[in-house]
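Structure record follows, encoded as structure tokens.
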Amino acid sequence: MGAQGFFLAVEGIDGSGKSGIVRSLAAHLGAEGRDVLVTREPGGTPEGEAIRGLVLAGADEAWDPMAELLLMTAARVQHVRRVIAPALAQGQVVISDRYAGSTLAYQGTGRGLSEAFIRTLHAEATGDLWPDLTLVLDLEAGIGLARSRRRLTGETLDEGRFESLDLAFHERIRAAFLAQAARDPGRHAVIDASGTPEEVQARACAALTPFLAQAPV
């Protein structure tokens, strides 16, 4: 359990609807009277948002995988120490749109870096802070990629570096998230992300409720 609060991460492939579910869950929990903080990775702090702009834009070959990992970790240090840990200490429910599960999936499985090294680096950088619960929004990779590319077409900010990669890459990422959930079922729930936003929200709320019932928030 994350200090006095509750730490929830929402993970999934690009186009799985994470941001919408984060907003819906925050509204739902807020209506229940809970003190909710919504954040995202990479980002969450001015320094993290600057790193986000560096890492998510440009050509895929712009960053060496190790450099990419270290940038993501640098952003997370700021995020945990300045935002997440203080909020948990104050008893808030923290909902993060991506966290370390994405690092294991994208920089580990996707880029071929050592999972053991990523976990060691994470432990040193964050005090080994992991979410109390990670919701994995699961969707066929082809559907998610098509959704994500449609969304990016209408945006001015270029955050489409990972969306430019082929379907096989995104299928590996999906498999990586599912493998994480299978290895640690006590801290993960896989949510079917197909269907309407309302249907997905209902599934997410149903998975979250028993965990929050045991939380001191």
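Glycine is treated like the rest: Cβ placed from N, Cα and C.
All protein chains included, SER16 (ATP binding site) registers 27 other Cβ atoms within 10 Å of its own Cβ. Summarising the annotation, Swiss-Prot assigns ATP binding site to GLY12, ILE13, ASP14, GLY15, SER16, GLY17, LYS18, SER19.
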Would you list, in sequence order, the residues of this chain other than GLY12, ILE13, ASP14, GLY15, SER16, GLY17, LYS18, SER19 that have their CB within 8 A of the centroid of the site's CB atoms, where the site is the one recorded for ATP?
-> LEU137, LEU139, GLY144, ARG147, SER148, ALA193
Tell me, if you would, which residue among GLY17, SER19 (binding-site residues) has the fewest other CB atoms within 10 Å in the structure shown?
-> SER19
Does LYS18 (ATP binding site) have same-chain partners at least 6 apart in sequence with Cβ under 8 Å from its own Cβ, and which are they?
-> VAL10, GLU11, GLY12, ASP97, ARG98, LEU137
